[in-house]
């Protein structure tokens, strides 16, 4: 393969990736779909108002569970990203002009969907002087303005580590400030060439110093070792990360990084236990966990761990903090049993 679907020539890394066939998923990478009344209501609202969410457009396997809790994720900044990560399906190309009306439209969508909790994520905008800091901040401000009973999580790029840009985002005061490290130092440059591991840790450190609840994510199965995962977890905790999600890499297509291994639920449980032992305020670990999965629940758990009262206008989120969730490793083990009999596939 030498030509991408959109007609351009493949990057060398894409050509190399395409030499490895798409991998077959193990038995524990499956989802149980349950359509509850809140999900059905959300679906009708989204269709009726022609709203757009990452949940639908990315085909997220957790949409039924998250929508049942009235949580949803929105992608801002356009369809093109100014950087390329080897695991990410978002198109890397020159971004579209900034749409200054987007924050209000997103806030109106949150209101129409009657969300309890919203996650905002988006593309990197190195083409803009402020790298998108105003956009990420304004979306939070507009959601809070129109939806005082909705929690907001802001999952942002690194803004090249520029303190003034980060400060602008901090001052919008999302309930959770999230920046995903995604992988371990040894393979970081190969997976995320336009980012820097230490810079990402510093972004989290600055947010924690500002007083925000902080969050990050690790994707497993891209070539890291168990020991490196533990070290990365410790790095994140030392940087002041409150909430950690841990997930399995699922390859979006042949042009993306091959899956190095399928991580078994037992190992996800080990990493969750290690993270809790380190002192993370909230942990979610499992193959189909995503960084925005049950985000309101994790925020409530983190606030309780920190000894802080959830604001009265968000008190309803307390009701989501207990019990197990469908995608946690412990739940998968109860559902499918031990996976030792299923071989770990390596594509090295």
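Cβ atoms here come from the backbone N, Cα and C positions, even for glycine.
Sequence-distant contacts of residue 66 ([4Fe-4S] cluster 1 binding site), defined by Cβ-Cβ distance under 8 angstroms and a gap of at least six in the same chain, are 55, 60, 72, 292, 293, 294. Summarising the annotation, Swiss-Prot assigns [4Fe-4S] cluster 1 binding site to 55, 60, 66, 292 and lists sequence analysis as the type of evidence.
Annotation comment: Swiss-Prot describes 67-281 as domain 'Radical SAM core', evidence class sequence analysis.
Sequence-distant neighbours of residue 81 ([4Fe-4S] cluster 2 binding site): residues of the same chain at least 6 apart with a C-beta under 8 Å from its C-beta are 88, 90, 91, 92, 93, 95, 123, 124. The [4Fe-4S] cluster 2 binding site annotation in Swiss-Prot covers 81, 85, 88 and is backed by sequence analysis.
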Please list, in sequence order, every residue of the chain apart from 55, 60, 66, 292 whose Cβ lies within 8 Å of the Cβ centroid of the [4Fe-4S] cluster 1 site. 53, 54, 62, 63, 67, 71, 72, 73, 119, 290, 293
Apart from the site residues 81, 85, 88, the 8 Å Cβ neighbourhood of the [4Fe-4S] cluster 2 centroid comprises 83, 84, 87, 89, 90, 92, 123, 124
Any idea which of the binding-site residues 55, 60, 85, 88 has the thinnest Cβ neighbourhood at 10 Å? 88
DSSP-derived structure type at residue 81 ([4Fe-4S] cluster 2 binding site), helix or strand or else coil: strand
Would you mind pulling the DSSP three-state label for residue 66 ([4Fe-4S] cluster 1 binding site)? helix
